[in-house]
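Annotated in TrEMBL:
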- A:136-302: domain 'Helicase ATP-binding' (DOMAIN)
- A:CYS362, A:CYS365, A:CYS401, A:CYS404: Zn(2+) 1 binding site (BINDING)
- A:CYS371, A:CYS374, A:CYS389, A:CYS392: Zn(2+) 2 binding site (BINDING)
- A:394-548: domain 'Helicase C-terminal' (DOMAIN)
Amino acid sequence: MSLNYYDLILPVVPKGTFTYTSEHDIPVGSRVKVFFGSRIEHGIVKGKADKIHPDISYKNINEVLDDKPVFPEKYLTMFNKMSNYYQTPLGIAMRGVLAKSILSSERLDVDCDISDKSILLSLSNDQHSVYASLTKIIDSGFSANLLHGITGSGKTEIYIELVKECIKKGKQVIYIVPEISLTPQIVQRLSERLGFSVPVYHSKLSPKRKQKVFWGFNSGCYPLVIGARSALFIPSDNIGLIIVDEEHESSFKQEESPSYQLRDMAVMYADILNVPVVLGSATPSVESYFNALNGKYRYLELNKRFNEKQLPEIKIIDLKTSDIIDNLLSVKLYDKIFEKIKQNEQVLLLLNKKGYSKHLICKKCGTTLQCLNCSIALTYYKKGDYAKCSYCGEIYKFFKCSECGENDFLDFGHGTEKAVEILRELFGDTVIKLDTDSVTSHKKMQSILNDFYSGKYNIMVGTQLIAKGFNFPEVTLVGVLNIDNLLSLPDFRANERAYQLLMQVAGRAGRFIKKGEVFIQTYNPEMPVFQLLNSDSEKFYMEELSRRKEHDYPPFMRMVRIIISDTKEDRAKKTMETISEKINEAKSSETKTLGPSPAPIFKIKNRYRYSFIIKTPNVSRIQVLGRIARENFEVLKKGNMQLKLDVDPYFFM
DNA sequence: CCATGAGCCTTC
DNA sequence: AAGGCTCATGGG
Ligand SMILES: [Zn+2]
Ligand SMILES: [Zn+2]
C-alpha cells in the first residue's frame, strides 16, 4: 500500500498546517490523533499535502477518530476564509473556535428525545405581511436579511416562524444570541413554542454538556441549536438557516485571536452554505444598515403595528446648569423619582460603571491610584474594601499612594455600588442593583429580576445589563445617570454605541399601559447624538453615515489595527516604527494610515503597547499589508514581543 | 559536579 | 503555547 501525505489543521500556534503520513485513505474533514513534538494533539484533515519536502521527516498519523468526516468541506472553506480574512493562522483560528474537549471526544450517539410528530410546526395564523415575504427565503439559496424592529414589534415571532419553516423543509437552524447565559428566557420561549427542549451551546458549558449538544446537532438529531458565538462553529451538513439576534452587539466581536466579528462570519458562512441569514435588532449596527441601503442585505422594518405604543419622548438634563445631589442626581431627576415612588411605580437607572468609584485620589498629593501592571486607574469596591484593575484583574487589598506613601484616599467618579448607597440614603431600602458583580449566577440574576418584577423594590440601578430587554410593566421612568464617559472614548463607534444603549434603555419605559418618561443627564447636551434620539431612526443612521464618510471610517473604509506589545518599551516602539515604515512604503495612495503612536492604554499586563492603524477602501489590500506586517515582525521579534493584527477592530484603547 | 533558571528554538 | 535545549551562575 502506498503512503499518503495529509495536511492537518492542529490547534497549535506556530503555523497553519502540518503534514503527516498514513497508509490509509482518510477523507477530508476527519479528526485524527497525532504526536506533535513531545505531546499529543488532535486535529482535522484539511486535504492531501501539495508539497513534500525531502528533508522533513514526516510522522505518521496515530489514529483516525471518525469513520465518516465530522467537518464538511464547506465548513473547512469557511474556516480558511476566516483565517485569511482575519489574518490568523489556521491553528490559532481553530483553537479559538473549537473546544479541545470536542476535538478529542468520542462521537456520541445522542438521543435527543425529539420525535417529528411532537414538534409544533403549524404556522401562525397571523397575516403579518413580513411573514409572507420572509418565509420565502427558506430553501431559496443565500440571502442576508436585516430585520429592524423595536422590542415588542414581533421580531422573535418572525424568528419562530422561520425556524418552523426551515425544520419543515428538513433543515437545521443555528440561532445566535449575545450572552446566552444572561438571557435564559428566550430558550424557554422557543422550547414552548416549538414543542421540544431546545439545546443551548456556549463556551461555559461543561465538556460533557458541550459534547452532547455538539454531537446531537452534528448528527442532525437536534433541528435547532441556540447559543453564543461558538454555536456558529458546530459543524453539520444540513444547515438551512442562520439567525443572529441583537446583531448590533459589539460583544459579537471577539477580542482574542482569531478576532472575528460573529455577525460577519455568519453572513460569510451562510454565503458559503448557500442558505439565508437573518440579522435582527431594534438598533441595527451602522455597518448593517449601510449594507441594507446599498442592497447587500434585504431590509425589513417592522412597523409598530404590534404594539401601538410609541417610544416615550427622551428629555435631556444639562448637568452644567442643574443643582446636583451627591454628584449623582440632578434635582429634576430626583423630583421625578420621588414622584414615581409615591405612586408606587418603578424606576430604572443606568450607570455604566461597576464598583464604588472609578478612581481613588490621594488626599495628600492628588495622585490617582494606578495598577502596577497597567496604565489604568484602579476601580474601588467598597464591599470587600479592595481596588481592582479592570484590565488585568489584579486585586489590591492593601494599597498606598505610589508618590507619597499615604493611604488616605478620596473616591472620585461614581460606580453602581456608590449609586446604590446614595440612592438608599435618599429613598430608603427600595433600591436594588443589577450588574455583572451582583449577578454571579443565573439564579441570582433571576431572583433579582423577580424581586424587582414583583414590586419588592421601586428602583433598579445598574449597568447596561438593565437595557437587555426585560419587560417590567410598572417601570414608568428611565434615568441615565451618566453617559458622558462612553461618548468621550477615542472610538469612532462611540456615538453609535451611545445611541444604541440609550435607545435600548429608553425602550424599557412605559412599554405597557402606563405612560413612560426618559431622562438623560449629561454635561455635554450639545453633542449631536442627543438631538437625534427623538427623531426617526433613519435620520440618525444617515447623519452617522455621512460623518463616517467624511472622516474615512468604516463602512466606507476597511480598518486594520496593528498593536506591537512588549515588556521592553523601546523595543516595542522601534519594531512598530519599522513595520509602519514598511507599510507606508508599500501602500497605495487610497490607503491612509494613523500612527504609530503609544496606545491610549500604554501598558497592559506589564506590556507596553504601540498602535498603528490602516484604512483602505480595498479589501484585498488588507491581506497584502497584513502580510508585510507579519513578515517584518517575524524578522524583528525578540523575547516575548507580540504582534496583533486586528481586522475590523472594535477596541481602540 | 550537579541543580536551577532564564532565553531561545522547534514543533510536520 | 509549551516542552526541550543550552548556557551561565552558584553552592557544596
Ligand atoms: Zn499621595
Ligand atoms: Zn492591571
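Glycine residues also receive a Cβ, built from the backbone N, Cα and C atoms like all the rest.
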Check the binding-site residues A:CYS362, A:CYS374, A:CYS401 for any whose Cβ is under 6 angstroms from an atom of ligand 1, and report them in sequence order. A:CYS362, A:CYS401
Near ligand 2, which of the binding-site residues A:CYS362, A:CYS365, A:CYS374, A:CYS389, A:CYS401, A:CYS404 have CB less than 6 Å from any of its atoms? A:CYS374, A:CYS389
A:CYS371 (Zn(2+) 2 binding site), Cβ-centred 10 Å count of other Cβ atoms over all protein chains shown, is 23
For A:CYS374 (Zn(2+) 2 binding site), the three-state class that DSSP assigns: coil
Among A:CYS362, A:CYS392, all listed as binding-site residues, which has the most CB atoms within 10 Å of its CB? A:CYS362
Which number gives the other C-beta atoms within 10 angstroms of the C-beta of A:CYS389 (Zn(2+) 2 binding site), all protein chains shown included? 20
So for A:CYS374 (Zn(2+) 2 binding site), how many other CB atoms are inside 10 Å of its CB? 21
Across all protein chains shown, the one of the binding-site residues A:CYS365, A:CYS401, A:CYS404 with the most other Cβ atoms within 10 Å of its Cβ is A:CYS401
From the centroid of the CB atoms of A:CYS371, A:CYS374, A:CYS389, A:CYS392, the recorded Zn(2+) 2 site, which same-chain residues not already listed sit within 8 A by their CB, in sequence order? A:GLN370, A:LEU372, A:ASN373, A:ILE376, A:LEU378, A:SER390, A:TYR391, A:GLY393, A:GLU394, A:ILE604, A:LYS605
Report the nearest neighbour of A:CYS401 (Zn(2+) 1 binding site) in space among the binding-site residues A:CYS371, A:CYS374, A:CYS389, A:CYS392, comparing Cα positions. A:CYS371
For A:CYS404 (Zn(2+) 1 binding site), which of the binding-site residues A:CYS371, A:CYS374, A:CYS389, A:CYS392 has the nearest Cα in space? A:CYS371
Give the sequence-ordered set of same-chain residues, not counting A:CYS362, A:CYS365, A:CYS401, A:CYS404, with Cβ within 8 Å of the centre of the Cβ atoms defining the Zn(2+) 1 site. A:LYS363, A:LYS364, A:GLY366, A:THR367, A:SER402, A:GLU403, A:GLY405, A:GLU406
Provide the three-state secondary structure of A:CYS401 (Zn(2+) 1 binding site) computed with DSSP. coil
Under a three-state DSSP reduction, the secondary structure at A:CYS392 (Zn(2+) 2 binding site) is coil
Using DSSP and three states only, what is A:CYS362 (Zn(2+) 1 binding site)? strand
C-alpha of A:CYS371 (Zn(2+) 2 binding site) to C-alpha of A:CYS365 (Zn(2+) 1 binding site): distance in Å? 18
Cα-to-Cα gap, A:CYS362 (Zn(2+) 1 binding site) vs A:CYS389 (Zn(2+) 2 binding site), nearest whole Å: 17
